[in-house]
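The structure appears right after this line, and notes come after that.
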Amino acid sequence: MSSLALSQLLLAVTLPLLELEPTFVPTAQSELSPYGGKSGQQLNQYSGEGESVLVSSYVHLEFSSTAWPQELSKNFTLPTALAVLPPKTLTGLGLTTECRANHSGTSLCTCHPGYQWNATLCSLYPHCWGRRSERDSCMCRSFHGPVTGYCQLLPPVPANLILDSQLQMHGNTLNLILLKKEEATNLRWFLRHSKNHTPISLWPGTNVLQTSSEGQSGLRVARMSRHWAGEYESIFEAQGFRWRLRQLVKVPLQEEEVVRLPDALSISCTASTGFQLSCCIPLTTDYTATWSPGEDSQASLQKMSDSQCFVLAVPHCPATNTTYTCTLQSQNLPPLVAPVSITIIQDGDTTCPEDFSVVSWNVTKAGFVAQAPCPVNKKGVVKRLCGTDGIWRPVQNTCTEAKILTLCLKAKLLEGQGKPYEEVPWILSELQEQVGVASTPSDLWEMLHTVTLLAKVVAETSTELTGSALKDLLTTTDKILDANISALWTLAQAQEPSMGSDFLKAVETLVHSLRPQQHPFSFSSANVLLQSQLLRHSSPPGYQMSFSTWPLLQARIPWHSLAPLVHSGTNVSITSLVLQKLDYRLPSNYTQGLWNTPYTTPGLILVVSITADGQAFTQAEVIMDYEDMNGTLHCVFWDHRVFQGQGGWSDEGCEVHAANASITQCICQHLTAFSILMSQHTVPENPTLDLLSQVGTGASVLALLVCLAIYGLVWRVVVRNKVAFFRHTTLFNMVICLLVADTCFLGSPFLPSGYHSLICLVTAFLCHFFYLATFFWMLAQALVLAHQLLFVFHQLSKHVVLSLMVMLGYLCPLGFAGVTLGLYLPQRKYLWEGKCFLNGGGVMLYSFSEPVLAIVGVNGLVLVIAVLKLLRPSLSEGPTVEKRQALVGVLKALLILTPIFGLTWGLGVATLFDGSIVSHYAFSILNSLQGVFILVFGCLTDKKVLEALRKRLRGSRSSNSAISMVTNETYTSEHSKERSEPASYEERMTD
């Protein structure tokens, strides 16, 4: 403190007065009084002759700052007003107030222990500068000019703060009770953390409940954690003073808060002689750590910005498998033990080799998970499983930006701590800067969770956002919806399907919270458009707004919906928000009336809100015009209440009107998030179509059984060369896969449907897998044929090609089917409603239709190559024969390859672009008869198969009547050494 020009001291002087006449006794300084009034009003009244009473006089002393202690030891001269009275004896001297004045004329007046400024004066004058921690205390006040009061003697404490136990377990409920002996007012609660002495105000939020009744008040914290540990303060006013009661609360460190890197380790002593173990805890906790065993090892402490790590450097491999233990201890708290198991890799153990992709992976024993730290400024761990076969599995990255985690934690603590009106805008400002650095699904999830938490806080506290804060929110939303992080959305939604719905609800809530003074307000970006305005008496009738989006969108609210609000004299604010691409991130959930039909959305969501005097209104008629929309349309809104809180599309209260040929009009009777569903080519339930599919599939099953019987009779005869072997092997596996798939399809209607039925789930999985396998075997046949056509003289190894075909035919579809099951079953989107088959929405599209159509495309390309080869002129034949053979070859290729390669699935494309029933009939009939096509064109039109079948049926056993197999290569016959002539291309089609 700077040098002081003058020091003042206020004393409480206690005097016994004998035989006094009843009178008022003034203080030494008449300008000083407890409440800033005249001190002459203070008295002790003499109650009778011969009695003795005590009179307290407050004496104002002034002296130099360096000599005042010595002045106190001198004899006091009583003021003149007291000197005329009979002799007095000084029985007590108490220091009440010490004031130090600086050169600017400001006096800092501090109360001595046992005294305090009264509550009225305490609220009138500021706390002493530089003593922020005491700003809610009445121990020191700053006066600019004359000091207008003095500290008073405190009465007994009028309340008690009760806590069941200082030690609170994680997740438990904390209950603090303030028992009041006197009437208390202006009660407030604060929390001081052990590492931060700044008090944090507590308010009634999601995690905090404040109660009050006669004689007591309470504070309840619903879910305790280390972020709620510290010293709780209760500040209130009673008996004219401000009181502060404190209670210390501790929360033990939890096991999940201890980060062990690694938590388990397999090590090869030949590749590495030593290793390092880390045991990290939050910096805010007061713990010490010890490692055991610790012999011949060096332990150290490393402190980061928000954590501290106890590191053990082990220079040598232990002789056997060892468990190292990190024991964490804190005063008056139970110890916490964090074990780390070390496994020594022995000779002969299966291991994964060193790998330096992404991060450095050391030699790891099969079945163990290797761990690596996250990059700088990220929290979490990078994991990678070493499979039992010694092959590294994909990297699992759970790293999250430390700054994003900090913002999310601050938003979480706003459920009862801090000042939302200050911290919500700050978090929004910081968050929009972090979107650009998001690189993992956990980054995206934490950002969306932060916005959701902020929305809850804003709704609970009725916090109003400034235009700047709302702009930060909309900028963040625009970046989150950008296509650059679309891959993060897919991965994150696999773990949290409702995150898109929660984000939509949060943005709706925050947009509603714009201050009325900020209207009108507008914002425009690539993915977010917002327009808001105030309606007054002078506003034109109704409300209308247009957006330059695709499809073009206009929204209006008729005057009859707004008139009651405007005529009441309140300022009505209307906000229209368009979010593009967010509808793609919402779950594919549809309420009753919209089931069993795959839909698409135009890529935008319209959110309309009406607010009057801070109150949101949900009922109003909204008319929306969408331009250039085709197909069957449904006007819908996103209902957050359905599907166990995940939300879903509903058409309740909305109806569609065709305004004209190019405009579709939606009219809804409520305010929420609107969109339009496009089911461009929906075919209604058709019993005839279903019957034809069942009959065709049954015929296909019978045909496939006949085909298997034929192969059982003639197999050894027809596969005597490589080309024939490859062709008939693919056909045989196609028959097996299609037979199993069709059988499951026919039996599925007789099974109990739903996710509770295991047999239903198994049937759906088998249908998916074997139908896919059928087409992958078709692809294998096409690729083998393409090789024979393009590389005539290249020899193929039977074992290599067979292995490749098996991998392509079974492992690839198994991967598709397994991933689909893992992604969509937890979301309950795997099954078609009421059926034991794949969901007809996005599941069918992405996991079945797209792979099938891709295979059909490749097979179509092979067909084109075959046709071009057939049209190539032959040098050995004349023009007439050449033309005839070319035409015959084309017809044969079209008739055989089209059904065999599944090109009839190309009709599926027609069902996407043609809404007529004809394309659906053609598609269903042709594909249900796939097994019949394989029997006819794969077996019965093959002259070699027919010849072998006839001979087998006639009982011919002669080995000399071997069927001549014509291939695209020269070969030596099993019974003849003569060269055969090269086969024509059309013959290769049938081989």
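From the backbone N, Cα and C atoms, a Cβ is placed for every residue, glycine too.
Per Swiss-Prot, the features are:
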type     : residues  : note
COMPBIAS : 972-991   : compositional bias 'Basic and acidic residues'
DISULFID : C635-C666 : disulfide bond
DISULFID : C654-C668 : disulfide bond
DOMAIN   : 519-684   : domain 'GAIN-B'
CARBOHYD : N75       : N-linked glycosylation site
CARBOHYD : N102      : N-linked glycosylation site
CARBOHYD : N118      : N-linked glycosylation site
CARBOHYD : N321      : N-linked glycosylation site
CARBOHYD : N362      : N-linked glycosylation site
CARBOHYD : N484      : N-linked glycosylation site
CARBOHYD : N571      : N-linked glycosylation site
CARBOHYD : N589      : N-linked glycosylation site
CARBOHYD : N630      : N-linked glycosylation site
CARBOHYD : N660      : N-linked glycosylation site
REGION   : 635-684   : region 'GPS'
TOPO_DOM : 21-694    : topological domain 'Extracellular'
TOPO_DOM : 716-730   : topological domain 'Cytoplasmic'
TOPO_DOM : 752-757   : topological domain 'Extracellular'
TOPO_DOM : 779-799   : topological domain 'Cytoplasmic'
TOPO_DOM : 821-850   : topological domain 'Extracellular'
TOPO_DOM : 872-892   : topological domain 'Cytoplasmic'
TOPO_DOM : 938-991   : topological domain 'Cytoplasmic'
TRANSMEM : 695-715   : transmembrane segment
TRANSMEM : 731-751   : transmembrane segment
TRANSMEM : 758-778   : transmembrane segment
TRANSMEM : 800-820   : transmembrane segment
TRANSMEM : 851-871   : transmembrane segment
TRANSMEM : 893-913   : transmembrane segment
TRANSMEM : 917-937   : transmembrane segment
All-chain count of other Cβ atoms within 10 Å of N362 (N-linked glycosylation site): 18
Intrachain residues whose Cβ lies under 8 Å of the transmembrane segment (758-778), provided they are six or more past its termini: 730, 733-734, 737-738, 740-741, 744-745, 747-748, 751-752, 805, 808-810, 812-814, 816-817, 820-821, 825, 830-831, 836-838, 847-848, 851-852, 855-856, 859, 900-902, 905, 930
Three-state secondary structure, N118 (N-linked glycosylation site) (per DSSP): coil
Ranked first among 731-751, 800-820, 851-871, 917-937 for CB pairs under 8 angstroms with the transmembrane segment (695-715): 917-937
Nearest of the recorded positions (N484, C635, C666) to N118 (N-linked glycosylation site) - Cα to Cα: N484
Listed in sequence order, residues with CB under 8 A of C666 (disulfide bond) and six or more positions away: I623, M624, D625, Y626, C635, C654, E655, V656, H657, F674, I676
Length of the line joining the Cα atoms of N321 (N-linked glycosylation site) and N102 (N-linked glycosylation site), in Å: 71
Local Cβ density at N118 (N-linked glycosylation site) - other Cβ atoms counted within 10 Å: 20
Proximal residue to N589 (N-linked glycosylation site) among recorded positions N102, N362, N484, N571, C668 (C-alpha distance): C668
Whole-number mean of pLDDT values that fall within the region 'GPS' (635-684): 80
CB contacts for N484 (N-linked glycosylation site) [other CB atoms within 10 A, all chains]: 10
Cβ-based isolation winner (fewest other Cβ atoms within 10 Å) among the glycosylation sites N321, N571: N321
Cα separation, N571 (N-linked glycosylation site) to C668 (disulfide bond) (Å, whole number): 24
Among N102, N589, which are glycosylation sites, the residue with the most C-beta atoms within 10 angstroms of its C-beta: N589
Contact set, same chain, for the topological domain 'Extracellular' (752-757): CB under 8 Å, 6 or more residues outside the stretch: 825, 828, 830-831, 834-836
The topological domain 'Cytoplasmic' (716-730) - residue tally per DSSP class, helix then strand then coil: 12 helix, 0 strand, 3 coil
Residue from N362, N484, N571 whose C-alpha is spatially nearest that of N102 (N-linked glycosylation site), among the glycosylation sites: N571
